[in-house]
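Trainee: I have a structure here, written as structure tokens, and I will follow up with some questions on it.
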Amino acid sequence: MSRLGIMVLTLLLLVFIVTSHQDAGEKQATHRGAINFRWRRSLIRRTATEECEEYCEDEEKTCCGLEDGEPVCATTCLG
């Protein structure tokens, strides 16, 4: 094989290695972003639940969740 052929094959191999390495980095970043989003969402939900419980506790009722961002209080929660 000529030197030119060896150089072309080496270049193709390098391009393949670099692109596969970049794809792996993007997948890892996407996965990390998904984990951060899940954690953030659970933190927001927990805070909203605590606020709902405090709000309903003042009315001596049970917090049944949030509806349109407003706490829903009742003596007995259905469903």
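All positions are counted from 1 along the displayed chain.
Just so you know, glycine gets a Cβ as well, placed from its N, Cα and C.
Relevant sequence annotations retrieved from Swiss-Prot are reproduced here:
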{"type": "DISULFID", "residues": "Cys52-Cys64", "note": "disulfide bond"}
{"type": "DISULFID", "residues": "Cys56-Cys73", "note": "disulfide bond"}
{"type": "DISULFID", "residues": "Cys63-Cys77", "note": "disulfide bond"}
{"type": "MOD_RES", "residues": "Leu78", "note": "leucine amide"}
{"type": "SIGNAL", "residues": "1-20", "note": "signal peptide"}
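Buried or exposed, and what's around them? Tell me for each listed feature.
Mentor: For Cys64 (disulfide bond), the number of other Cβ atoms no farther than 10 Å from its own Cβ, over all displayed protein chains, is 17.
When secondary structure is read from DSSP and collapsed to three states, Cys73 (disulfide bond) falls in the strand class. Taking a C-beta cut-off of under 8 angstroms and a sequence separation of 6 or more, Cys73 (disulfide bond) has the following same-chain neighbours: Cys52, Tyr55, Cys56, Glu59, Lys61, Thr62, Cys63, Cys64.
Take the CB of Cys77 (disulfide bond) and look out to 10 A: across all protein chains shown you find 12 other CB atoms.
Counting every protein chain shown, the number of other Cβ atoms lying within 10 Å of the Cβ of Leu78 (leucine amide) is 5. Under the DSSP three-state reduction, Leu78 (leucine amide) is assigned to coil, being neither helix nor strand.
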